[in-house]
Amino acid sequence: QTGANDLQTKADRLVQMSICASLARKFPKVTIIGEEELATDEVTEELIEDGHCEEILKKTCPAQYTGIKEEELVIWVDPLDGTKEYTEGLLDHVTVLIGIAYGGKAIAGVINQPYYNYEAGADAVLGRTIWGVLGIGAFGFQLTEAPAGKHIVVTTRSHSSTLVNDCISALNPDSVIRVGGAGNKIIQLIEGKASAYVFASPGCKKWDTCAPEAILHAVGGKLITDIHGNSFQYNKEVKHMNSAGVLATLRNYDYYASRIPNSVKQSLVP
């Protein structure tokens with residue numbers, strides 16, 4: 001078998017190897033859960049990143065996290081979020097997600113967009129990194145709110161279904177944006193392009209939502225939950241699938257939550 005899937009698999013595996021091996025070397029006691037099942041003994045030295053970001057080290061660690069032990073942290077890694085879009089050349093949909101959880105809660109996250117600005121011409125700076133920590137804030141982008149009074153829903157591009165579309169219709173949105181990748185959808189919220197991210201389907205995993213959740217909450221975003229309003233748990237024993245979908249907003253969470261039809265809720269079991 002060759003073609004798009006092989007490309008995707010190789011890209012996924014190399015990126016995850018690099019992230020997980022680099023983190024494991026620096027923080028040997030953390031639990032790292034990645035999308036790909038990989039053996040770590042095959043990592044070559046050129047995949048190891050041993051530097052650090054001075055800009056981040058200048059920030060003061062929030063008091064509630066100063067006593068955390070390394071072994072209490074769980075890191076959720078999606079090496080290539082928006083895989084289908086990647087293979088189709090929609091490179092701005094692609095993100096790399098690294099989420100950090102403590103006590104089952106998402107507390108910090110990184111969303112890297114490796115191809116950000118890829119259509120902006122030869123002089124444009126390619127790629128950007130958005131990151132955030134609860135109690136510090138989020139950086140690397142301009143926080144913008146969606147137009148007041150507009151209900152713009154961002155949802156899946158490549159995993160649509162009757163249930164997904166029935167749920168969106170019930171929200172009576174002014175417009176619907178369909179893009180790939182959970183990381184990319186949260187970016188639509190924090191940059192004011194959409195007012196709610198709604199996905200009434202299983203399929204999303206904990207490594208898709210951990211980093212975006214931390215960033216959304218770090219900027220005061222109302223919530224990211226399943227379709228029933230349950231918060232996600234990120235401790236290492238938790239099941240990987242978010243089987244009851246996703247609902248996220250920067251503001252007006254209750255407006256959208258109250259309009260999810262019971263028929264949709266009954267179809268999605270947490």
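Including glycine, each Cβ sits where the backbone N, Cα and C put it.
What TrEMBL annotates here:
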- Glu35, Asp78, Leu80, Asp81, Asp208: Mg(2+) binding site (BINDING)
*Within the same chain, and leaving aside Glu35, Asp78, Leu80, Asp81, Asp208, name every residue whose CB is within 8 angstroms of the centroid of the CB atoms belonging to the recorded Mg(2+) site, in sequence order.*
Asp12, Val77, Pro79, Gly82, Thr83, Thr95, Val96, Leu97, Gly181, Ala182, Gly183, Lys205, Trp207
*Which residue among the binding-site residues Glu35, Asp78, Asp81, Asp208 has the fewest other Cβ atoms within 10 Å of its Cβ, if you could check?*
Glu35
